[in-house]
Amino acid sequence: MAGPRVEVDGSIMEGGGQILRVSTALSCLLGLPLRVQKIRAGRSTPGLRPQHLSGLEMIRDLCDGSVCLLMQVSMPCVLFAASPSELHLKGGTNAEMAPQIDYTVMVFKPIVEKFGFRFNCDIKTRGYYPKGGGEVIVRMSPVKQLNPINLTDRGCVTKIYGRAFVAGVLPFKVAKDMAAAAVRCIRKEIRDLYVNIQPVQEPKDQAFGNGNGIIIIAETSTGCLFAGSSLGKRGVNADKVGIEAAEMLLANLRHGGTVDEYLQDQAKFIVKKSEDEEDASKDTYIIECQGIGMTNPNL
């Protein structure tokens with residue numbers, strides 16, 4: 001890395017790990033040395049844990065042991081590599097403060113593939129907090145460049161579906177209770193659609209540790225996807241977990257946008273009022289995000 005060193009203030013925005021993850025990936029892509037100060041300044045325990053880590057250990061730490069956050073760091077790099085890549089990622093697949101692997105597969109994957117690339121995500125083992133222990137294999141081929149996309153037509157909601165899971169020693173009834181509570185909550189606002197949330201007992205040979213959670217997806221006529229999710233915690237009953245996921249989904253649907261709050265994370269946006277609003281009583285805004293125009297020098 002022979003270019004000028006880039007200095008990044010890790011305390012900006014939420015002051016969490018995302019600014020560090022994005023900066024690390026861009027440093028790799030652009031071949032620029034990087035120094036990040038005030039890492040995780042917004043956290044109750046700022047900085048890296050522990051203080052002296054190798055490069056690989058630092059990446060795992062800044063991803064909080066989450067497979068999905070490891071994907072956020074690695075995917076941009078392998079997209080602009082010289083040849084296809086196979087990533088073996090180990091850690092938590094369904095963890096707090098990170099996307100669940102189900103969100104990555106069911107929402108992130110189909111939307112991000114609109115940029116003109118494909119990837120395969122093979123969930124070998126699910127892992128839960130605090131043990132982790134999950135394993136996911138990601139296969140991806142490089143691209144010359146990413147295509148711009150336009151997501152401004154929301155359409156109408158046509159499907160609502162999801163999965164409520166339990167793993168380890170937790171009884172299957174917990175999954176059924178989460179699903180039933182979520183369905184009841186959604187039907188208070190959306191009565192004309194069948195809500196299909198499947199309770200699932202994860203196979204013992206495909207899950208490490210004990211865990212429970214739920215993810216609910218709303219799909220629209222134009223291919224937009226919205227999600228609500230929640231993970232179980234000790235002492236929290238199943239109904240509350242299901243209701244929390246349902247309320248998150250409903251909140252994402254109420255705002256009237258074309259993506260949910262977690263798909264528009266950590267980028268520089270230009271926000272302007274739409275000039276094509278048919279109903280003057282409503283405020284519609286166009287949100288634009290300008291990429292860096294990266295092209296793959298290997299292809």
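Cβ atoms here come from the backbone N, Cα and C positions, even for glycine.
Features as listed in TrEMBL:
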- 65-267: domain 'RNA 3'-terminal phosphate cyclase' (DOMAIN)
- Gln72, Tyr262, Leu263, Gln264, Asp265, Gln266: ATP binding site (BINDING)
- 152-253: domain 'RNA 3'-terminal phosphate cyclase insert' (DOMAIN)
Neighbouring C-beta atoms (10 Å sphere around the C-beta of Tyr262 (ATP binding site)): 16
Cβ atoms near Leu263 (ATP binding site) (within 10 Å, other residues, all chains): 20
Around the Cβ of Gln72 (ATP binding site), the count of other Cβ atoms that are within 10 Å: 22
